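Here is what TrEMBL records for this protein:
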- 6-24: transmembrane segment (TRANSMEM)
- 34-163: domain 'CAAX prenyl protease 1 N-terminal' (DOMAIN)
- 65-92: transmembrane segment (TRANSMEM)
- 112-137: transmembrane segment (TRANSMEM)
- 179-373: domain 'Peptidase M48' (DOMAIN)
- 245-297: region 'Disordered' (REGION)
- 245-261: compositional bias 'Basic and acidic residues' (COMPBIAS)
- 268-278: compositional bias 'Basic and acidic residues' (COMPBIAS)
- 285-296: compositional bias 'Basic and acidic residues' (COMPBIAS)
- 327-345: transmembrane segment (TRANSMEM)
- 351-373: transmembrane segment (TRANSMEM)
Amino acid sequence: MLELLEGNSILQAVLVFMWVVYIWESYLASRQRYLAKTVPDSLKDVLDQETFTKARLYQLDKSTFGFWSGLYSQVETTLILVLGGIPFLWGVAGTCRDKLGYGSDYEIIQSILFMLLAMVYSTITSFPWSVYSTFVLEEKHGFNKQTFGFFIKDTIKKLLLITIYADYIAPLFDKFTPLPEGELRTKIEELAKSIDFPLTKLFVVEGSKRSSHSNAYFYGFFKNKRIVLFDTLLEDYTPINEKKEGEVEKKEGEGEKKESKEGEEENISEKSNENDNKETEEDEVKEKKEKVETKARKSQGCNNEEILAVLSHELGHWYLNHILKNLIISQVNTFLCFMVFAFLIKRSELFTAFGFSVEPTLIGLLIIFQFIFSPYNESSINHNP
């Protein structure tokens, strides 16, 4: 096959396939925009029209954003391939290697520098899209809880820290606290016990400081499993950041009352009555605000039975050994891919097609796994249950 596709023909085949897949997926996505404008009959008992409409409008905006960001990504990738962006970046990595005092024999050093430069480039070019997604799209629909400074700090952490996520990295981004004793904790423990799930810890993560989206997951090896619930998933749980704000407001309120009390001793009784009325009005406003926030949180969160249903789905994957099965399939797939890679890496025409006169191993991995294997990758993704 490769004997028939040499030089630019290989690159052209990759580009054609890439654009055919993008156009087809965009067409399928566009068809979804005009479906299900009202609540399906099967969901009318559990979903009202107002909630359905909000969800639908959110998905429409995400679809529009996905189209334009996807188009940008396709054009960017095409220009990089056609204009020789990958060989250029490899050359920059080589220049950096030389300045560090290493010769051309140090391919591993150059490969590491290439990966770092590619990561920095990717972070910079994707940054505007991330900002728009967070502070325009998510903000519009009431999901974003981040400040811009917090967003920047998160981005820097993600850029610098890559490994040891569960025990060391995740706590740097989020605050994990044990789920308080109560009916929900008892039911979750009973659910885990009923299927012999080795639950050792049960956490609530402070997801509300970023977004009001909800999630739940478990992690851990062997007999040391932990379940994590987002605070936004819990109907009657006050997010940690709101607790802190409430405590600050309470202290400020007490301070104001103390100052007001001292002032009352010095002022005439008429002014004292005015202050009392003002305090009463402020208390009523705060009380109404708290009720609105509680109602909004309950409308977004789930009750205990719904949370157990979510966890039952996740624990079902563990009980039916889906994780182990997928791991085995993944390992077999990886072995077969590297077996094919071992044959293709020797083909110099692959490197020539992408603008290289040398044959670095890292570049061979990039070309083969990202571009040559793209038809196989698309078929395996679309058939993944």
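Placement of Cβ uses the backbone N, Cα and C atoms for every residue, glycine included.
TrEMBL annotations: computationally assigned, not manually curated.
Fair warning: this is a prediction, and the values are worked out from it, not measured in the lab.
Under 8 Å from some Cβ of the transmembrane segment (327-345) lie the Cβ atoms of residues 2, 359, 361, 364-365, 368-369, 372-373, 380, all in the same chain and six or more residues away from its ends. Confidence annotation: the domain 'CAAX prenyl protease 1 N-terminal' (34-163) carries a mean pLDDT of 84 in the model. Counting residues of the domain 'CAAX prenyl protease 1 N-terminal' (34-163) by DSSP class, helix then strand then coil, yields 99 helix, 1 strand, 30 coil.
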